[in-house]
Every structure is written in C-alpha cells, then in structure tokens.
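Features as listed in TrEMBL:
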ACT_SITE  His199  active site, proton acceptor
BINDING   Gly32, Ala33, Gly34, Asn35, Val36, Gly37, Asp57, Asn119  NAD(+) binding site
DOMAIN    26-166  domain 'Lactate/malate dehydrogenase N-terminal'
DOMAIN    169-333  domain 'Lactate/malate dehydrogenase C-terminal'
Amino acid sequence: MGALFATEGINGQVIVYSRYCPFKPIKIAVIGAGNVGASTAYSLMLDGLAAEIVIIDVNHAKAEGEAMDITHAVPLSPSGQTRVYAGGYRDLYDAAVVVVTAGVNQKPGQTRLDLVHANAAIYRTIIPEVAHHAPRTVLLIATNPVDVCTYLAYKLSGFPAHRVLGSGTVLDSARLQTELGAMFDVNPASVHAFVVGEHGDSEVVPWSLASIQGMRLPEFCRGADLPYDADALRAAAARTRTAAYEIIKRKGATDFAIAAALTSIVRAVVRSEDSLLTVSRVGSYAGVDDVCLSVPARVNSKGARTISTLVLEPDEEEALRNSALRIKEAIESLGDLLQT
Ligand code: NAD
C-alpha cells in the first residue's frame, strides 16, 4: 500500500496523508544532511511514514542536493508519495519528530566521547532554534556521543525528558541480534537480546535477560543440544561494541543501519506503537541520578518512558553503573555549555 491516502488542494498545495495516519499529514524533519541525515531521510521516505520530509543543513546546497536525489526515488518507491525538500527552521512548526544528525563524526581511531565538545558547540546553535519553532515536537538525537548530546538537547530545549530521545543502543541491540542470530542459526528478529548503557565503549549486554524461544541462552543451548559457549558470547558482544570502528575503518562512516534504527524509532512515535526500544533518555540509572543512557523504554506519540526497572545480575548492575558514571563525567565536562 502506498503512502497516499488523500489529497486536497488548499491554495494550490497538495496535502498528502501518511498511510499510518490518514487524518493528519505527518511531517518529519531531519537536521544534518550528511551520511546519517541523508540515509535517514531516504529510509523514512521508503517507509512511507510521512507526507513531508524536510531536510535542514548549514550547507543548504547539500540539503537541496539530497532532497532532489531522494525526490527522484519517490515515484520508484513503495511509499508512493512523499514531499522531500530542503528547508529552514521555520519549516519545523508542525513537525511530529525532529531528528538531529548534524555534527562531526568519528575519524578512524576516535571514540564517540572524543566528539563531545565540537558537537556540543553545534547543538547550542541548533537546539534552541528547534525548541523555538517546534515546541511540541518529539526530539530524536543521533549525533555522537549520543547520550551526552541527548542530555544537552534536553537541557537546551527545556522539553520534558520523555520528549527528548536518543537513538541510544537501538543500533547496538540490532548488531547484537545479528551476531546471535548467526551464532544460533535463527532469524535475528527472533533473538530477544539487547544492549544497555552508553552507546559506546562502556555499553553493557545483560546476558541474564537474553532469550530465544522464551528460554535463557543456557537453557536454549541445553534444549538445542548445543554447547553454551560463554567465550563466543563475549566475542559477539565485543564485535557489537566495536562494529562502528570496523565500519569506519573501511568506509569512513556508518549510515545505513543507524538510518534504519532512527526510522524504527520515528515509526514507533508516529504510529504510537508503545514499542519497547532501547532509546536513550534522561533519568536515574543504577544509582546515578540525572544522567542519560539506554534501557528499554516504551515509545509512542508522547515520546519515551521507562515502565519497569531492569532487574540485573550484580555484575551487570555494576557495569551499568560504570557506564552511567562515564557518561555523567562527559556531561559534567561540558561545564558552561550546558547553561541555557
Ligand atoms: P557528516 O559529516 O557526513 O554530516 C554532518 C552534517 O552536519 C554535515 O552535512 C554538516 O554540514 C551538518 N552540520 C554541521 N553543523 C551544522 C549546523 N550547525 N546546522 C545544521 N547542520 C550542520 O557526519 P555523519 O556521518 O552524518 O554523522 C553525523 C553524526 O551522527 C556524527 O556525530 C556521528 O558520530 C553520528 N552517528 C551516530 C550514530 C548513532 O548510532 N547514534 C551512528 C552513526 C553516526
């Protein structure tokens, strides 16, 4: 089914209604037209989620080029009809979701936390504009270090915590599912396992909560007559954690999987799915207050809220606490940049 539900001419304008919401034309904004922003706008268009996608970049010509290129794919796409264009902050006024991908990316060997000061300075120019022009939108942050940038966006926007989401470990969880799906020879979507904490080097895999077929991994292995190989699982977690470094070493950036992760989060908001996703949000975790990291949260049109505290093994709780403290330290290093 295409995205087009109804059109009507108002002052010569054609309004296209999303296939997910036939009563209201949905607009999504993507700020930053680089690798991540362009791939995300393309993925959103293919998904048919929105009637309009506006792309904003300090390099307006780049935003225009990406919008033109994506527009030429619309007639060839299953989404049917989406208006994709380069715009400015004034275009945000009715955006359901604003996805922020603007900022510098990692160079080979750099960690995500190395980007914190450069991207904080960029956020100080972007987030107040978004808050001014789209005061009721859901903000979705992708810029790295994503947990720190999500915290900063929360502070600079003045939005309630549930309306400021980071892509967090949604991507890392998909990478882990991919690893485990290959290891156990099942579709990755049938593996219930996720990553919590920082989207970065201190991220944590809570193995005690991982399951296949409703069974924890040791029981699943026993039932399947497979050896339970803790070393192989640790190696899978390490490959999950270092995947971005390996991809950046080879192609200079990561973009397709993060675009799919952002699209899945936008979809959960626009369709008010109540899906449990490991988005990053501000809260108290593992005894650390006023920090931002990922645990499963319910995502719907109002944003994201955690609905139940994770019950972890003591070593997992300790690892989550260390991750929270590391993010907290990076947040505190911003000093005056946090002031509105
Ligand atoms: P890129 O350099 O290709 O694109 C960044 C874009 O931001 C550029 O087009 C630039 O012009 C734009 N920009 C810079 N300052 C701006 C401003 N003030 N206003 C508007 N636009 C501005 O980088 P990329 O590869 O697209 O990565 C973007 C960010 O996403 C990086 O921080 C990267 O680390 C992050 N990222 C996050 C994840 C995740 O899982 N959250 C995954 C991949 C990349």
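Cβ from N, Cα, C; glycine included.
TrEMBL: automatically predicted annotations, no manual curation.
Structural mapping of features recorded in TrEMBL.
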residue: Gly32; record: NAD(+) binding site; Cβ neighbours (10 Å): 27
residue: Ala33; record: NAD(+) binding site; Cβ neighbours (10 Å): 26
residue: Gly34; record: NAD(+) binding site; Cβ neighbours (10 Å): 18
residue: Asn35; record: NAD(+) binding site; Cβ neighbours (10 Å): 18
residue: Val36; record: NAD(+) binding site; Cβ neighbours (10 Å): 27
residue: Gly37; record: NAD(+) binding site; Cβ neighbours (10 Å): 28
residue: Asp57; record: NAD(+) binding site; Cβ neighbours (10 Å): 23
residue: Asn119; record: NAD(+) binding site; Cβ neighbours (10 Å): 23
residue: His199; record: active site, proton acceptor; Cβ neighbours (10 Å): 30
Provide, as an integer number of angstrom, the distance between the C-alpha atoms of Ala33 (NAD(+) binding site) and the residue listed as 'active site, proton acceptor'.
22
For NAD(+), with binding residues Gly32, Ala33, Gly34, Asn35, Val36, Gly37, Asp57, Asn119 per the record, max Cα distance (Å, no decimals) returned as 16
Taking DSSP three-state, what's Asn35 (NAD(+) binding site) in: helix, strand or coil?
helix
Three states by DSSP: which one describes His199 (active site, proton acceptor)?
coil
Which chain neighbours of the NAD(+) site, leaving out Gly32, Ala33, Gly34, Asn35, Val36, Gly37, Asp57, Asn119, have a Cβ atom within 8 Å of the mean position of the site's Cβ atoms?
Val30, Ile31, Ala38, Thr101, Ala102, Gly103
Taking all residues of the domain 'Lactate/malate dehydrogenase N-terminal' (26-166) together, what is their mean pLDDT?
95
Check the DSSP secondary structure of Asp57 (NAD(+) binding site), expressed as helix, strand or coil.
coil
Just to verify a number: CA distance, Gly37 (NAD(+) binding site) to His199 (active site, proton acceptor), in angstrom, no decimals.
18
In whole Å, note down how far the CA of the residue listed as 'active site, proton acceptor' lies from the CA of Gly32 (NAD(+) binding site).
20
Can you break down the domain 'Lactate/malate dehydrogenase N-terminal' (26-166) into helix, strand and coil residue counts using DSSP?
71 helix, 27 strand, 43 coil
Rounded to a whole number of Å, the separation of the Cα atoms of His199 (active site, proton acceptor) and Gly34 (NAD(+) binding site) comes to 20
